[in-house]
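As given in TrEMBL:
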type	residues	note
ACT_SITE	63	active site
ACT_SITE	117	active site
ACT_SITE	121	active site
SIGNAL	1-19	signal peptide
Ligand code: AMP
């Protein structure tokens, strides 16, 4: 490159420093926002326990916000030294209790599940989201997704009825703009039921995007939407 070329390159780099604020560089490709139907988590051979605050609302709950790679693999437990400091999320606790309910046994107040998700997944997106931002962002995305409303508006209700998988997927795609990943599990009678919905989110945590890769779902063409 000649002197003129160098000058132009240096000028552009210098401008870049001042014009665009530095963006944090993510060391993963996208997030999965994983939302869970509590009726399906509980309606298995393993059963479940309600949180100490009582039975959660009949709504999708958050399972987690998971950094992922485009090839389908994902990082986990990225920073064992990171402390899960409850005081940093004290302003979010009532929303977490409502929207990110623990269903594990024995019953507990939910911190164990949130700490587990932070340690396994949240510490892998520390390059872009602090502890507080991780939980705040996840809560906001769950509201933005508004899944139950979208499904009931399309006549798909948690009434133990069986619904077309394609219709579930289309209803979500029409509302959010992107195809969801759908996972099923089996109830004790071996019926396949709607268990988790995966929505993809860009690395800033701000926008839903088309999934670079969909998770394996194990759903047949008709699935039950369990009562809760
Ligand atoms: P992950 O490792 O993030 O894929 O989460 C899987 C673990 O989370 C498993 O041990 C699940 O049993 C547990 N899990 C999933 N949903 C819930 C829930 N609503 N409450 C408590 N634990 C859960």
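Backbone N, Cα and C atoms are what each Cβ position is placed from, and that goes for glycine too.
Mapped onto three states, the DSSP output places residue 117 (active site) in helix.
When the alpha carbons of residue 117 (active site) and residue 63 (active site) are compared, the span between them is 8 angstrom. Of the recorded residues, residue 121 (active site) and residue 63 (active site) place their C-alpha atoms 11 Å from one another. Cβ contacts within 10 Å of residue 121 (active site), excluding its own Cβ and spanning all protein chains shown: 25. DSSP classifies residue 63 (active site) as strand under the three-state reduction.
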